[in-house]
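Swiss-Prot lists G119, T120, H121, G122, K123, T124, T125 with the feature ATP binding site, giving sequence analysis as the kind of evidence.
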Amino acid sequence: MKDLRMVFKSRMNNIHFVGIGGSGMSGIAEVLHNLNYSVSGSDISQNKITDRLEKMGCQIYHKHHQDNIKNAQVIVVSSAIKDNNLEVIKAHQLNIPVVPRAEMLAELMRFRFGIAIAGTHGKTTTTSIITHILNVAELDPTYIIGGILNSSGINAKLGESDYLIAEADESDASFLHLQPMLSVITNIDYDHMVTYDNDYQNLKDAFIKFSANLPFYGACIMCADDEGVNEILNSIHRPLITYGFNNGTDIQAVNVKQVGMQMYFDVIYDKYTKQIPIKLNLIGKHNILNTLAAIGICCELNIKTNIIQKALANFSGVARRLDHHGKLNINNAQVSLFDDYAHHPKEISAVFESLKNTYQDKRLVVIFQPHRYSRTRDLFDDFVYTLSSADILILLNIYPAQEKPIAHINSSTLANAIRRSSGLNPMVIKNPKEILTVLPSIVNNNDILLILGAGDIHILPDLLKSNYI
């Protein structure tokens, strides 16, 4: 195995990332840098991630140019990078290999005990919980996560052990490059359908192929409560462990209750001689499901139950996953501020349910930025139904994520549809900074203010706190 690593390093020591500023790309880049590869990258955006990589010693360019790759032996591209990118064109001219992010991740995983977490929703939180438990168990894993761990402030780390924990991204089907030892499938939902020719069966088939990449002695941990997962269970031909709230699952959560910002429940698993009480430092039934998946992985690694319990009780979460930013003082109104990455109707519904169960007597004021024209079009009716359950709704313009506009698909159209189907009267604003002038006339004392979306709406919490605390 060491000989194979040396061959790879001798031939591919200089690695250049096009689009290095994303969480997935930066995580792989950081691990490779810490393995003493020469890492460079380009990204038109400067952010905390690129600043961190630069401080570590990576060469970062904030403009795409063919000269950026003059020393590169391999080019790694994110799914957002198109074939007409100047650096990609030059690489092809020079016969420099151009590989997708997941193929480089697969190469890292090939030399380790890989644990890959797949699913339309919940990947980042599940990956983070598994990582946290292994850290508490002093197993020192390598991890690459699509979000920032609140406990450490980072999304990737090179560990000393053979364990590598990573998210498996189905959005471009690149997760099929991965060959882990253990895997999780949290759910299968209608999203990124352009990749799958708008055919839901193609999406399900991809998850079946993903599970087939496991060795015959591996295991796939799957959420049997999810309809999409249930539909492929009989097509999985690897050792299988199911989890959920329903009877008949291998790992089952029972006796669920919420106290403040924590969830309490018991776990039934035939590997345990008795029910195991869990205190989870997160809210929401969706996070209980994420936790059950993590427990399934950790049982396969023979981590003791007392360590799992301890880790879950002090897990501090992931950035932009129901982040609580304290209270804002807006015209003497005390408003609790939450921020979440949710951008799919089912994710939004889970966040709404969690907050409404926690703050049953308070209004939910929601600021949402739709993400991608195609997703807004494909899930339009679901967005209308889900967003209509907010008490107050403010919509930002759709964040395009490099997509071209689609006729009649915009936030105003979405707002009009919500007005027709409910008593809600959404407000549409063009610029996130306009929120500062809008909020004082909207919020009441003790409202819950929720920021939602995967685009540049992430700037809002700091903007609001700098003006209203």
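Positions of Cβ are set from backbone N, Cα and C atoms, glycine also.
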Most Cβ neighbours within 10 Å: which of the binding-site residues H121, K123 is it? K123
So around the ATP site, G119, T120, H121, G122, K123, T124, T125 aside, which residues have their CB within 8 A of the centroid of those CB atoms? I117, T126, T186, N187, N290
Cβ neighbour count (within 10 Å, all chains shown) around T124 (ATP binding site): 23
Using CB atoms and a 10 A radius, I'd like the single residue among the binding-site residues T120, T125 with the highest neighbour count. T125
Using all protein chains in view, find how many other C-beta atoms are within 10 Å of the C-beta of G122 (ATP binding site). 24
Same-chain residues at least 6 apart in sequence whose Cβ lies under 8 Å from G119 (ATP binding site): T126, E170, V184, I185, T186, N187, I188, C223
